[in-house]
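As recorded in TrEMBL, the features of this protein are as follows:
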type     : residues : note
COMPBIAS : 21-32    : compositional bias 'Polar residues'
DOMAIN   : 59-497   : domain 'Major facilitator superfamily (MFS) profile'
REGION   : 1-40     : region 'Disordered'
TRANSMEM : 55-84    : transmembrane segment
TRANSMEM : 90-112   : transmembrane segment
TRANSMEM : 124-142  : transmembrane segment
TRANSMEM : 148-170  : transmembrane segment
TRANSMEM : 182-200  : transmembrane segment
TRANSMEM : 212-235  : transmembrane segment
TRANSMEM : 348-370  : transmembrane segment
TRANSMEM : 408-437  : transmembrane segment
TRANSMEM : 474-491  : transmembrane segment
Amino acid sequence: MNYSSAPPEPDDKGRYYHLPSASNLQNETTQGKQHKSTEVVTSVRRRIPHRLNKYVLAAAVLASTNSILLGYDIGVMSGAVLYIRDNLKISSTQVEILVGCLNVCSLIGSLASGKTSDCIGRRYTIVLAAATFLIGALLMGLAPSFSFLMAGRVVAGIGVGYSLMIGPVYTTELSSAMTRGFLSSLPEVFINIGILLGYISNYALSSLPENINWRLMLGLAALPALAVAVGVIIMPESPRWLVMKGRFLEAEQVLIKTSNGGAEEARMRLNEMAKAAVDSGQEPPSTSNWSGEGVWKELFLHPSPPIRRILIAAIGVNFFMQASGNDAVVYYSPEVFRDAGIHDRKQLVGVTIIMGLTKTFFVFISSLFLDRFGRRPMLLLGSAGMTVSSAMLGLGSKYLETSEIKPVWAIAVCVVAVCADVSFFSIGLGPITWVYSSEIFPMRLRAQGTGLAISVNRVVSGIVSMTFLSLSEAITFGGMFFVLAGIMAVGHPSTSV
């Protein structure tokens, strides 16, 4: 299977190359015919320029743009809900359901995304995610009632579930090992850009009548969804998915475009992908009929010890990402700041913009240094910082609760603590969860394994978002932040993957 000299013959349609059997591959490896020697491979790697491939970067940016949809919804909903509550006359419980249902419904998209992307490909799954969210955004923007608004949230949630899985998986499979950390963290970067855009939208549209402003705030989410659906035309398919479908010629053509080392590096990466497909535990498919069969059985019924450890680690990091309460803090930041003593709505939205800028800045910093410093040190720093920040926010909130006056310094402490909390999240758990989830699974299990881990992410996010206000009313915001600090203290060693 040495593609640098004579690739296998295509099938009768002239399109697909057949993956050799595991026994044939083993024989070729034993005879020294499967791969180049270690010295040759090392020499090739040394000659590859260590720069970011512009074609890969463009494709990764387009795939990650889907994540703007979730970020925008998180940011814009934090302000829009102030006007929805007044305009539609809904209770605090209905607010929690409205905010959290998107995360719960995204579970549907997360669970379905792995099988879908194995069947129709990563590229078309990105289109499906954008189209679903587009429909949801239009429904929300045109909603005449609470029930209609909830229907839009359900549809948008399914689209979010698809996008959260497919963006990191597609980027991981397209990028080389040298730039995988940075590129796979782009979804978190775009989530933060979306949050910031949501805050800006809140601020810009808040002066409009309350029966119009929140509809425009939510409906504008259709624009990035439309851009993704159009932009995907220029995106290549994942070469690893093409290998799993037996379409080696197409995979090699994609790899030539996405490799800095040209055809030589492309052939080397193709051989590595083919070897990884065979080493995944079962005989890989040699035709385009494979659609992810047997993956759930391998993950749950008969997992090997390494697969079991991978599954526990991926689920664990996704659990603590959302148990940290970051999504809820962002969703309800105006409520938190109002409880701290900031009552003017314009000021509330203005402070959230400051928080959004800080959060976006630090996720950029994390993405740039992720490949240099590694996943574990950044994760340790981020989770430790969140523990301290949450405790500081709890102390500040408790002081304000017991004080008859609201001193400026105490309010400032709370604002700084919230900004620090979301910043440390952006350094650690935020970007690294997506990178870790998408790169830890073997190639054959990646799509459905990642989808499962992100399903846990979405369930925990929904539970936290839908109970945050009620729990805060029962134990106060100060008590709630002490609880989150305790969760992160427990999660700190657990997330040291």
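Glycine too: its Cβ is placed from the backbone N, Cα and C atoms.
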Criterion met for the transmembrane segment (348-370) and the transmembrane segment (182-200) (at least three Cβ pairs under 8 Å):
yes
Against which stretches of its own chain does the transmembrane segment (474-491) lie, if we need a Cβ under 8 Å and a gap of at least six residues from its ends?
320, 323-325, 336, 339, 383, 386-388, 390-391, 393-398, 400-401, 468
Any contact, the transmembrane segment (55-84) to the transmembrane segment (408-437), with at least 3 Cβ pairs under 8 A:
no
Going along the chain, which residues at least six beyond the ends of the transmembrane segment (148-170) come within the CB cut-off of under 8 Å?
59-60, 63-64, 66-67, 69-70, 73, 84, 88, 97-98, 101-114, 116-117, 122-123, 125-126, 128-142, 184, 186-187, 218, 221, 225, 238, 434-435, 437-438, 446-447, 450-451, 454-455, 457-458
Which of 182-200, 212-235, 408-437 has the most Cβ pairs closer than 8 Å to the transmembrane segment (124-142)?
212-235
